[in-house]
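Asker: Structure in C-alpha cells, see below.
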Amino acid sequence: MALPSSSLSSQIHTGATTQCIPHFHGSLNAGTSAGKRRSLYLRWGKDNQAKKLGPSKIVACAGQDPFSVPTLVKREFPPGFWKDHVIESLMPSYKVAPSDEKRIETLITEIKNMFRSMGYGETNPSAYDTAWVARIPAVDGSEKPQFPETLEWILQNQLKDGSWGEEFYFLAYDRILATLACIITLTIWQTGDTQVQKGIEFFKTQAGKIEEEADSHRPSGFEIVFPAMLKEAKALGLALPYELPFIQQIIEKREAKLQRLPSDLLYALPTTLLYSLEGLQEIVDWEKIMKLQSKDGSFLSSPASTAAVFMRTGNKKCLEFLNFVLKKFGNHVPCHYPLDLFERLWAVDTVERLGIDHHFKEEIKDALDYVYSHWDERGIGWARENPVPDIDDTAMGLRILRLHGYNVSSDVLKTFRDENGEFFCFLGQTQRGVTDMLNVNRCSHVAFPGETIIEEAKLCTERYLRNALEDTGAFDKWALKKNIRGEVEYALKYPWHRSMPRLEARSYIENYGPNDVWLGKTMYMMPNISNEKYLELAKLDFNRVQFFHRQELQDIRRWWNSSGFSQLGFTRERVAEIYFSPASFLFEPEFATCRAVYTKTSNFTVILDDLYDAHGTLDNLKLFSESVKRWDLSLVDQMPQDMKICFKGFYNTFNEIAEEGRKRQGRDVLSYIQKVWEVQLEAYTKEAEWSAVRYVPSYDEYIENASVSIALGTVVLISALFTGEILTDDILSKIGRDSRFLYLMGLTGRLVNDTKTYQAERGQGEVASAVQCYMKDHPEISEEEALKHVYTIMDNALDELNREFVNNRDVPDTCRRLVFETARIMQLFYMDGDGLTLSHNMEIKEHVKNCLFQPVA
C-alpha cells in the first residue's frame, strides 16, 4: 500500500469543526514511556469507509486516498531483566524462623512500653551540671551542700583518666568542661583532694591538644562558661595552664561576644543566653533576669544555669525546679530537663524512618497528641515550657504533625528567618548545624500551595546541605551521628516525593546509630531515641516482610507465565519492577492481596498500552474494547492469537479479582471494575487517534485525557477494594475519577513521565506531550521555557497533592496512602528517565534488588 503524499491532508471532524492535518511519511512508532506511547496507525474496515474513533471522524481531504495509511512497524523493547532464572539466583537462604517471630513480638512490646513510659524525657547524667548543683550551700545556713548526694556522685564518678564525663565517648571540649566544673566544686567543699589532683593532671594533658578537635564539637555556650570558670579556678589557686594559646583564644572569643551583645538584649526576651547564665554572673542584673524565668522555675531547662541563679537570688522556684529534677534522677542531674517534646518527636521520627511505625500506631498518636497540645505558633523548643523555640524541634514537629493530620501552619518558620532570608536554629544565632538544616529541608517538602516561606526554606537548606557535603571536614553542631553524611545524601537525592517507605527504611537502617549522642552544653544521650532495640526490630521486620514479598513475587511470576503473557512479543515484561511499586509503600503483610491486585492491574495497563499503541489494528482494538464493555469471552474467537491471550488473561484475572472483591466488599464489584477499564480504554483510543494523524491538541485538551491514559487511576481504583476497608459509594467518590485527589495523582504522574520521555518519543514520531502541547499554545516561548513551565505546574500540583493527602480525612488511611504513594512512585521511576522501560540499566534495578532480594545484615 502506497504512502500518501505529504501534500495531502486528512480532516478531523469534532462536532461542527473540521481540521485538516497533514499526513506524513515514515514510521509513527513512538518512544518508551510507560503510559503514553500513542502511535497507533489508522486501520480501515472492509466497508471502505472511514471508521468513527471515539468523538472524532477521520475523512480524506479532496484528492486523498482514504485507504493509504502507513504500514505498521514492529516495536521493540529492551528485554526484561528480572527473568525467573535471575530471580532464582538471587533468592537468599533467609527464612522467617519461629525465634525471629517471637523476638519481634518481644521487641514490639518493649518499645511500646518505652513510648508509654515517656514523661519529661530520659537522658544521661551531666557531670558538668551536677557539679554546679553540688555547689549550692544548704539553705538552713549550715556549712554543708544543699544536695550532698550530688557531691557524692562527683566523688564516685571520676573516670580512670582523671576526667569526668560520658565514659564511652570522648570529646576533649566536653571532658575538659566537665572536669573543670567538678574540680572547682570539690575544691569549694574542700574534699576529694586526690580526685582534684587527678583532674588537674587530665586538664593539663588535654588542654594542649584541644585545638586538634573540630570547632563544631565545641559545646553550646562553651566560650561563655569556660573562661568564667577558669577565672574561678584561678581565684581558688588551682594550678592550671592558664597561659596556653587555646585558653587565651577562648577568653578573647568570650570578650568579643560580650562586646557585641546589646546591653538590653539579655533582658528583653528569652534567648539562648539564659542557658549559660552561670558564665555571665558578673554582668547579670539578677532582678531583671527573673522576669525571664520559665514557668517550671528553670532558666531554659538548664540545671547549671538555674543553680547559678538560685545561689545569687535564693529564688524558691529555682529550688523547686532543682528538687523536681533530683527527684527524677536521684543523685545527679542532666544537662537540660525536661526534654518531653524533643523525645516524643524524635522517637516518632525514628520508628517511621526505620519502617516499624506500623506496629506503634496508638503510641504514635498519643505522642503526637501530647506535642500538639503544647504547639505554639511561634515555634516550640525541646520542652513544653521552654520559652526559646528552635527550628530543629519546630520543623520536625511541623512536618510530622502535618502528615498526621494536625492543623499546623508553616508560618511558624518565619520566627527563624533573618532579614537576609537565611534560616537559623535560634533567634539571633549566627551558626547553623547540619541536623537542624536537614530537618528544615525535610519539612519543606510537605508544603501546601502558596506557602512561600516553605519554598524559601527549601532553597536555603538545599544550598546549605550541598555545601556541607562538599566540605569533607564538616561536622554537625548539635549531634554526633553515625552517618549524618549518608542521611543528607539520601534526603537530597530522594526528597519526600521520591522517598518510598521501604527504600527509606533500608537506607536509615544503614545510617541509624543506636548510640548517637547530642551536643548541648555537654554531650548527652536520649535512650528513647537512640536505642539498639529500634534497630534490631527494624532489621528483623525488614527481612521478615521482604521474605513474604519474595513469595508473593514468585506467585505473580507464575500467574504471568501461566496466562501466556511471556509469549507476547509486543509488550514489556516488567513484572518485578511493577510488583516493587506497591511493595515499596504498602508493604505490611496484611496487604498481600492488595499488592497482588495492584501488580496484576498495573501489568495489564502496560500490556494494553503497548497493544493499543502500535500493535493492534483498529478493528481488533475496537473488538477488544467491545469485549470488555460486554464482558463477553465469546468474542475472543474473532481476535488474532496474541490478542486472544491478552483478553483471556484479562477476563479470567479480573473475574477472579471481582469475586474476591465481592467477598471483601459484600457486594458485586464486577460492573465497577468494567467501568474503570472502559474509561481507561477510551483514553487509550483517543490518544491513538491523535497520534495516527499527528494531531497536537491544546495543553488543556491533552492533560484532560493524558491524566487518565497514564493509567494510575485504573490501578488505584481497583486496588482500593482490597485495602481492608468497606468502601461506600461516598468514599469511592472521594477518590474516584471526578475527585481532585485522583486527578492530581494522574496529573503529576503524567507530567513527570512527559518531562523525562518527550524528547526520545518525539524522535520516534510522537507528536503530543505536555511540553509540545504547551509550546503549541504558546508559540512564542522556547522548548526550555515550556519544559520549565511544565515542571512548575508539576511542583505546584505536588504541593496540592500534599494538601489533599493530609486533609482528606474522610477517606480511610490506606486508601489515601494508595493514591498518594502511587503518585510518589512515579516520581521515583521517572527521576532520571524512563525507569520502567529502561529499568535494566537504571537505578530502579538496584531498588528492586534492595527492596525484594537483599536482606539487611
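Note that Cβ sites are derived from N, Cα and C of the backbone, with glycine treated the same way.
Heads up, here are the entries from Swiss-Prot:
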{"type": "BINDING", "residues": "K257, K477", "note": "substrate binding site"}
{"type": "BINDING", "residues": "D390, D392", "note": "Mg(2+) 4 binding site"}
{"type": "BINDING", "residues": "N753, T757, E761", "note": "Mg(2+) 3 binding site"}
{"type": "MOTIF", "residues": "390-393", "note": "motif 'DXDD motif'"}
{"type": "MOTIF", "residues": "609-613", "note": "motif 'DDXXD motif'"}
{"type": "TRANSIT", "residues": "1-33", "note": "transit peptide"}
Asker: Of the binding-site residues D390, D392, K477, which one sits closest to E761 (Mg(2+) 3 binding site) when you measure Cα to Cα?
Answerer: D392
Asker: Can you name the residues of this chain that are 6 or more positions from K477 (substrate binding site) yet have a C-beta less than 8 Å from its C-beta?
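Answerer: Listed in sequence order: S216, C425, Q431, R432, G433, V434, T435, D436, L519.
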Asker: If you compare CA-to-CA distances from K257 (substrate binding site) to each of the binding-site residues D390, D392, N753, T757, which comes out shortest?
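Answerer: Looking at Cα distances from K257 (substrate binding site), the smallest one goes to D390.
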Asker: Could you state the CA-to-CA distance between N753 (Mg(2+) 3 binding site) and D390 (Mg(2+) 4 binding site) to the nearest Å?
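Answerer: D390 (Mg(2+) 4 binding site) has its Cα 39 Å from the Cα of N753 (Mg(2+) 3 binding site).
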Asker: Whole-number Å only: compute the distance from the Cα of T757 (Mg(2+) 3 binding site) to the Cα of D390 (Mg(2+) 4 binding site).
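Answerer: Approximately 43 Å lies between the Cα of T757 (Mg(2+) 3 binding site) and that of D390 (Mg(2+) 4 binding site).
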Asker: T757 (Mg(2+) 3 binding site) has how many other Cβ neighbours within 10 Å of its own Cβ?
Answerer: 25
Asker: Using a Cβ cut-off under 8 Å and a sequence separation of 6 or more, which residues in the same chain sit near D390 (Mg(2+) 4 binding site)?
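Answerer: Result: G379, I380, G381, W382, F416, C425, F426, D436.
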Asker: Within 10 Å of the Cβ of D392 (Mg(2+) 4 binding site), how many other Cβ atoms can be counted across all chains shown?
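Answerer: There are 26 such Cβ atoms around D392 (Mg(2+) 4 binding site).
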